[in-house]
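The domain 'VWA7 N-terminal' annotation in TrEMBL covers 1-64. The domain 'Hemicentin-1-like von Willebrand factor A' feature in TrEMBL is assigned to 75-243. As annotated by TrEMBL, domain 'Hemicentin/VWA7 galactose-binding' applies to 268-359. Look at TrEMBL and you will find 362-480 tagged as domain 'VWA7 beta-sandwich'. Marked as domain 'VWA7 Ig-like' by TrEMBL: 486-589. What TrEMBL lists as region 'Disordered' is 1-32.
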Amino acid sequence: GKCSHGGHFDQSSSQPPRGGINKDSTSPGFSPHHMLHLQAAKLALLASIQAFTLLRNRLGDSGFSRLLDITPASSLSFVLDTTGSMGEEINAAKIQARHIVEQRQGGPMEPVHYILVPFHDPGFGPVFTTSDPDSFWQQLNEIHALGGGDEPEMCLSALELALLHTPPLSDIFVFTDASPKDAFLTNRVESLSQERRCRVTFLVTEDPSRVQGRARREILSPVRFEPYEAVALASGGEVIFTKDQHIRDVAAIVGESMAALVTLPLEPPVIVPGKPLVFSVDGLLQKVTVRMHGEISSFWIKNPAGVFQSQEEGVGPLGHTRCFGQFWMVTLTDPPQRGTWEIQVTAKGTPRVRVQAQTSLDFLFHFGIPMEDGPHPGLYPLTQPVAGLQTQLLVEVTGLGSRGNPGNSPPQFSHVILRRVPEGAKLGQVPLEPLGPPERGLLTASLPPTLLSTPGPLSLELIGQDGGGQGLHRIAPQPCTVAPVLLEFSGPPGFLTPGSKAPLSLRIASFSVPQDLDIRISVNPSFTLTSNLSRVRVGLNESAWGRLWLEVPDSATPDSVVMVTVTALGQEVSLMPPTHAFLRLLVLAPAPGPQLSAPAYSSGPVVTTATPVFHPSTLVTQGRAGGKAGSPWWGTVGGVLLLSLASC
């Protein structure tokens, strides 16, 4: 049941195959062939180079990069309102799509997938997915604004469908002139956008204060667009209100701004009347743009030398100003002066300000729990931190090999600042420690439970210095959310087949306060799902387990994706935000020939324990052969298949 490590203390070393595979020790007592370790390592390195070279020659650079996740599989995704009033918006989407395809074709940012999801009322979808830009363009050309014309529409349902089929780290554009009819999906779509790390940008051609225009079935709330604001905030995107005559220009600007850009942190993060917004420009930034939209009466921008530029359109002392209705954009002249810049905005209501720049230096972040027990300690991955749980933060700095780095030494990063979103209140800062050689750009920090005591969204800011000793300041492209409880959701060890019944397992744990929870489960598409868990109480450091059964109908389409969503809600008047876990499963046609029978599962009662044990099942697709601790398990993280062969 386990591999033979070899040595005098290994009882299996005398049985075939003899010798053992232990390469962790140079002691003959533990590793009888320790003198061959270096030779074996060199041989394995040469064999790996040979294998990768063969793969690269066979697949080409693009396919090889995709296989090893060197270049992520980005997509160009559009969610389109197709009601009768959307003619200009659909035309703008077509022009923008064509522009982005032509701009990125043949380059590293060329989309691998093209996704289109139409919606109206009462319907949404179907989703159209292709890898061929010509097919996507043809499908987009066949969409016309027909029928409907009243508000609201099924926008968030269509967006959820797009998120299900869009690869991580992609951009999704939503074109509409209506508020959402399905606002109850807001929190779920927020969580899904963060889990997929997709940025959602809404282009809305109805001003939220406008009371005339398309027909309405009912009197609509002036805050009816708040679900869009919430999803945009959670995903790192934005909501832009414009008018029909400006939609093409605004869409083109927004589309151009998506490639290889970072958003610069503002201090304060939101506009305070009479107080300027401050941002820093370092030597690795170029093509800095300031975008503002709202009922703006005046603004000015000041560089570190004290030079001002006001809102007059055209070329000024600091850059080029353009205006399309309530949308303003200032492109600063390259190279921008290093140092502290200021923006002062006078407006009615709450205008939105965003500063972006092109740079190679950015970062990604991941969360996990250190696992010290067992033969292979490591990091148990989390999609989001959990309140009250000691969590490890892993920072992955990208672009360290860029030629634009000034000085001879690479950038150095010292700490991370955590802020509450959206108000920007500083929660604290934690020091960073390098993990491995500096050129890898991996840093780690320990987040104490006191820092993650309150559920809710927060942002991460990376602080350091470039090779010349000048300050560097980056903000994560997307905020994260501290979950009130831990949800572990795992599926069967394999694929779904039409006509089958698949067991799913769920674990709920609390590490902050006792929780009384309602458990809600949904399936997309609407397959039958039964569960023995609808309400549960978990005490401090307690866990509860449940069993679910998913029935796949005979009519299920092979190669289709099924998403099961579990939501944990606080009962009654609880102010605890919902926690979501998502499980994606693939339906495949049964393979010809003899089939292995699935292990038997019991849908027994809910089990509660006070022992906070972590199993290798998480918010990503995973499974366990036989379903027992210590048995082999598998999982996927970032498109990489992980395998654990029992205790080896």
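Each Cβ is built from the backbone N, Cα and C atoms, and glycine gets one as well.
All TrEMBL annotations are machine predictions without curation.
In the predicted model, residues of the domain 'VWA7 N-terminal' (1-64) average a pLDDT of 80. Taken through DSSP, the domain 'VWA7 N-terminal' (1-64) splits into 31 helix, 0 strand, 33 coil.
Across the domain 'Hemicentin/VWA7 galactose-binding' (268-359), DSSP assigns 0 helix, 61 strand, 31 coil.
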